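Everything on this sheet refers to the single structure shown next.
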């Protein structure tokens, strides 16, 4: 079983925020796979599932708000007894430029509170992840205003391209391509 977790905030007012790019990726991926999200109370998440080559794939959008995502992910890991390497987390990253993304096998949270919550709840930094660039705040805007703000019209063009690339990498992941191979194939030098 593979679990693909997209981080974001659940209310409609956050739908197009930079912080919700993980949800955006999963929405596109679910559309591509022809599956729909359903609320699963015991996981405090919206989940969509399918099978690829006989392996169950679970797409997860925690409804706990970004900073508390770890509890939802931990509930899924414990329920299905999932190995950490069979989870991949998609989230926004301030230190990566808009239109860029990077796949990593492990590491710290880098200031991303949703990922920090997951690392704390799972008790390991060895959680594969894809960080999608949202860039740093401009014109004196604070971090909170930036991450909870919507992408600009210009940024949207870059973001739609990067979402499509991330979606391709996730399809490869769901088809059994390992994290090291994904990093070699998709991480731009």
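Cβ atoms are placed via backbone N, Cα and C, with glycine included.
Quick look at what TrEMBL lists:
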type	residues	note
SITE	9	site 'Discriminates between blocked and unblocked aminoacyl-tRNA'
BINDING	14, 65, 67	tRNA binding site
ACT_SITE	19	active site, proton acceptor
SITE	92	site 'Stabilizes the basic form of H active site to accept a proton'
Largest pairwise Cα distance, Å, within the listed tRNA binders 14, 65, 67?
-> 14
Within 10 Å of the Cβ of residue 9 (site 'Discriminates between blocked and unblocked aminoacyl-tRNA'), how many other Cβ atoms can be counted across all chains shown?
-> 23
Among 14, 67, which are binding-site residues, the residue with the most C-beta atoms within 10 angstroms of its C-beta = 14
Spatial separation of residue 92 (site 'Stabilizes the basic form of H active site to accept a proton') from residue 14 (tRNA binding site) - C-alpha basis, Å = 13
If we count other C-beta atoms within 10 Å, could you say which of the recorded positions 19, 65, 92 has the fewest?
-> 65
In whole Å, note down how far the CA of the residue listed as 'active site, proton acceptor' lies from the CA of residue 92 (site 'Stabilizes the basic form of H active site to accept a proton').
-> 6
To the nearest whole angstrom, state the Cα distance for the pair residue 67 (tRNA binding site) and the residue listed as 'active site, proton acceptor'.
-> 11
Other residues with Cβ within 8 Å of the Cβ centroid of 14, 65, 67 at the tRNA site?
-> 8, 9, 10, 19, 64, 66, 68, 114
How big is the gap, in Å, between the Cα of residue 19 (active site, proton acceptor) and that of residue 9 (site 'Discriminates between blocked and unblocked aminoacyl-tRNA'), rounded to a whole number?
-> 7
